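Notes follow once the structure below has been shown.
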Amino acid sequence: MPSGEDNGALRNFKLNESTFLASLMPKKEIAADRFVEAHPEYDGRGVVIAIFDSGVDPAAAGLKVTSEGKPKILDVIDCTGSGDIDTSTIVKADDNGCIRGTSGNSLVVNSSWNNPSGEWHVGCKLVYELFTTTLTDRLKKERKKKWDEKNQEAIAEAVKQLDEFDKRNPKVDDTILKRKREDLQSRVDVLRKQADGYDDKGPIIDAVVWHDGEVWRAALDTQGLEDESGCGKLAAFVPLTSYRIERKYGIFSKLDACTAVLNIYNEGNVLSIVTDSSPHGTHVAGITSAYHPKEPLLNGVAPGAQLISCKIGDSRLGSMETGTGLVRALIAAVEHKCDLINMSYGEPTLLPDYGRFVDLVNEVVNKHRLIFISSAGNNGPALSTVGAPGGTTSSIIGVGAYVSPAMAAGAHNLVEAPPEGLEYTWSSRGPTVDGDLGVSVSAAGGAMAPVPTWTLQHRMFMNGTSMSSPCACGGVALLVSAMKAEGIPVSPYSVREALENTSVPVGGSPEDKLSAGQGLMQVDKAYDYIQKSRDIPSVRYQIKITQSGKSTPTSRGIYLREADSCQRSTEWTVKVEPKFHDDASNLDELVPFEECVKLQSTGEAVVRAPEYLLLTHNGREFNIIVDPTSLSDGLHYYEVSALDCRSPWRGPLFRIPVTITKPQAVKSRPPIIVFQGMSFVPGHIERKFVEVPIGATWVEVTVKTSGFTTARRFFIDSVQISPLQRPIKWETVATFSSPSSKSFAFAVEGGRTMELAIAQFWSSGVGSHDTTRLDFEIAFHGISINKEEIILDGSEAPVRIDAEALLSLENLAPAAVLNKVRIPYRPVDAKLSTLPAERDKLPSGKQILALLLTYKLKFEEGAEIKPHIPLLNNRIYDNKFESQFYMISDTNKRVYAMGDVYPDTAKLPKGEYTLQLYLRHDNVQYLEKMKQLVLFIEKNLDEKDAIRLSFYSQPDGPVTGNSSFNSSVLVPGTKEAFYVGPPAKDKLPKGISAGSVLVGAISYGKVAFGVNNEGKNPEKNPVSYCLSFIVPPAQFDEDKGKGSSSSCTKSVEEQLEEEVRDAKIRVLSSLKQSTDEERSDWKKLSISLKSEYPKYTPLLAKILEGLVSQNNVEDKIHHYEEIIGAADEVIGSVDTDELAKYFSLKSDPEDEGAEKMKKKMETTRDQLAEALYQKGLALAEIESIKGEKVVEEDAKAASDSSVKPDLFEENFKELRKWVDVKSSRYGTLFVLSDMIQEDGQPPKKKFYDLKLSLLEQIGWPHLVSYEKQWMHVRFPASLPLF
């Protein structure tokens, strides 16, 4: 147990101001305070730390200079690319010094800016894309308040005008006055409606990049963020170059107070605006090395160290790390010659010490000698919960989180602190699934550290292994500072050995090493160790262990977890290979290396090893025998340590961890196990290991508490380990306000050991001194089935399911639902490119390549969708592929969704979309194999469209409709069979294509509690299995014999004429109209075809479509008149009476001929509606061009306008007959609004341009500004960069 004098575990202490402040930034716990006091010049000076995190704010308190007055932060890099802006568009300034930004804004450049070439690179970005959700929410709230004030002013004015009108006109009988009043009322209505639909997407910022003759510089125009007119103009921005050159930064505005760092890449064609994706990274950086000259007690651990900020948390994904961010961060760390890396990020993994990132980390550590420190994870208290990469990678020092009494009293503000220091309850525990210890050392896991300026505070308290890792990293920075000053070679191998062999144990049992590693690191003792061992070669010892007689699998420790391996003696072959750094000399270091080591076991009765070993550079093998047969049930931990016979003071050169979790068998029937009278105090953990009976698939747990008066908080975890899976974990946090009981149900895997970890939270009940008693009852249930995954092959045949209860009576109540559809896609395009060396060249010299795959998607109606890439999803660290990122955009380039390893569901309106998938690697062969990568789009079905499957007791049930199966009682040892039928064809989602897969879930058991859905939703059952139905080809289209089919009444000659006609129309559709010559050819053909088929609606609709698509037309009024004429021809070709009559009747969905007619009529209706749309738009455009006013200003004007029929209104009334649009209320503007909202197609920019011009005419500047912001969302200039 750590002593109070050494690490802050003080008994019966009182805080004063200084000890309180010291507890907020813990250093005493790892003896860093004593070390710096004794060696003030070794406070991190000369050390550079790379912070792999969410980004560091260089303006944050304590992060401006080091203790020597040097710049604290040497570089700030967005490794993810989330802040990248495409600035490849080059413009020239006019005579007034104005340039046009890609946003469309006119920008005035500062005349004092030197730009010899005269070329200005321009780009733009929606500023909210750069901000965190927290900051965006604050800005939205403040901006909404100001917008509401302006809107209320407009509403008040509109109401005033309406009121005055009503006073002047008590009776409104005249048609003209009625229309005037409707217009005035519509003003009020639309303003109120606008307030209800307000959604602030944020202002756009323009970016300008140029070369001043020496370096690339950039400036931002942020007027949209500013309250005061004239503020935020481009010319007022102080130009910045890439941060590493001048180490300067700016802010967007005083309102956001967010620091902006600029970096320029690719010869000015890419501008990276670096902002943080959360306060996490700044907080972590502050713990490592913040320097507060006026508040030294709040200094970070190594205030003399300098930093490189490598943002790996992608702002587009919240703050999730990406493969691109991780790899670029490693490149930057090597390029800047960093000494250390801190990474307080991580994820679960199915394979430890594996993956692309791990391979690159190994190179960085072994070749470039960087010391990599990372958090172990916050998924405790169960065993085997360490995350990747920190807790699972051999070349990384994984750090657990420790809390001292001083931290508890000061930083956590507890009334009464625990009597001694301990590991936080949530700190992840080892071992890894391959037996490695997982946690290397522990450090203080909480701090009050600096945060970004946009949080509007200097510092904030956070806790987690995210905080213990930088605490340890700062401690190592002190050691490296000393080593450099004293000329001691710096090696991650020797530093790690010093840390682990001088740490103070946390806890009194060997098993506590699985929680705290070798213990709480002690900087002063590690320094003494390094000094003493300075002449000893730096070596790491690679351990590979296999069970004797087997070549696979290979592990790094021995982990006996399952019942079978704990009931017999086993022999293991251990191969130890000393590994030197890549630059080690063969003759001077490798050849002379020889160590005589003594092997010691901490439990000779259980773990036996040879006594001695002579190690040379090529390594040696030896055997270990593990005999757990005499051990009691539960957790046991041993180590085989290798001591240097010549220098035993060094401590272990390497350790072989041996973890045994001997499970308790469940022998009773029904299978119930009870743990009674377990006593808990704050921080206490009970671990129970149970051999889950074969046949069990879920457990029902009841927890009963007693013996306390104040609320108690418990972490309850269950973990099982299965090959090539992430640890199977169920967890809950249960709070008991008074003695009571709670029940839970969760899935288990039969035949495997289950750990049940129950922990009273470390600070729960600290001051009450009551001992909590807890009873735990676990009832095992199970229905074994012959098929865990049910696949219905698309035929009418059902699938037989055999069900059996092996343990006790079970209620068999099957439920099955198909609630998603997966549609397979292959790319329509694949582009392979070499990335610029500036950011994407590996330390090895290899160039990273990118593969861009393009998929085309189309949805006939709005849907919730999620991309699904079976090969790549759900693996970030345990993946040999470097990076994946996707982007879904519509035909206007509006991005609707982005994602990577963990795709999110996105809501997409009806329409066509492009999905681009971006993959990176340096191996071209890997990427070549991915060029035809299959991707699924998973679409959620509405609750009403979900298909619930039926069960039968006979194979013919799906056809006959008889012999339905609902439920039964399974008797142990007796098998029962039934069938699940395929979905009825009329229940299949509309438009689903062959080869698509309907997916859902099926469950069999009935849970006693915790699930109350009457069997309707199997996914809510603790145990459900995957269910899928392969969609078969559509039924054969029989034209013959169908009286309603028109084709059967047509002669061969007539059918041939129709084929020729349709072919001609296809040729017309394929013609381009980019040049005058092409437009002339198109016009000639269209006139020819129109004369040949004058009343054929599809042809006329294609001609209208061709006219609408024409761009850069000089005589716009003539052009719109042509569109109106073409639209009238379409309208005139449609027999609207017949169309209306058809839609008033109900067609027979079973009649194929009727379905064909329905499709034809729907197409005709759509063509008619499109013609009316385009005619209305053209009329409005002509009205706008001629400068006609939308609102009548007086009765005379209204009277004059009434003489002429309002063509726009008439057209709109006709449109309303065929599509569901809302009533027109306020002239052109509101008709447009309704057309925009109800179109159901991708937004048409012309509508919105017209709407904007009309808003400007009406005089509502706040709505103009709002709509302009939305224009950048709906119609971005280009797709964002990956």
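Note: Cβ is positioned from N, Cα and C throughout, glycine not excepted.
A TrEMBL annotation is a machine prediction, not a hand-curated record.
Over in TrEMBL, the protein carries these features:
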DOMAIN    44-509  domain 'Peptidase S8/S53'
ACT_SITE  Asp53  active site, charge relay system
ACT_SITE  His280  active site, charge relay system
ACT_SITE  Ser466  active site, charge relay system
DOMAIN    540-660  domain 'Tripeptidyl-peptidase II first Ig-like'
DOMAIN    680-764  domain 'Tripeptidyl-peptidase II galactose-binding'
DOMAIN    807-992  domain 'Tripeptidyl peptidase II second Ig-like'
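TrEMBL feature annotations superimposed on the structure.
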residue : record                           : Cβ neighbours (10 Å)
Asp53   : active site, charge relay system : 30
His280  : active site, charge relay system : 23
Ser466  : active site, charge relay system : 28
Distance from His280 (active site, charge relay system) back to Asp53 (active site, charge relay system), taken between C-alpha atoms, in Å: 7
Alpha-carbon spacing, His280 (active site, charge relay system) to Ser466 (active site, charge relay system), which is rounded to whole Å: 8
DSSP residue counts for the domain 'Tripeptidyl-peptidase II first Ig-like' (540-660), split into helix, strand and coil: 11 helix, 64 strand, 46 coil
Among 44-509, 680-764, 807-992, stretch most in contact with the domain 'Tripeptidyl-peptidase II first Ig-like' (540-660) (C-beta, under 8 angstroms): 44-509
PLDDT averaged over every residue in the domain 'Tripeptidyl-peptidase II galactose-binding' (680-764): 95
Within the domain 'Tripeptidyl-peptidase II galactose-binding' (680-764), residues counted as helix, strand or coil by DSSP: 0 helix, 50 strand, 35 coil
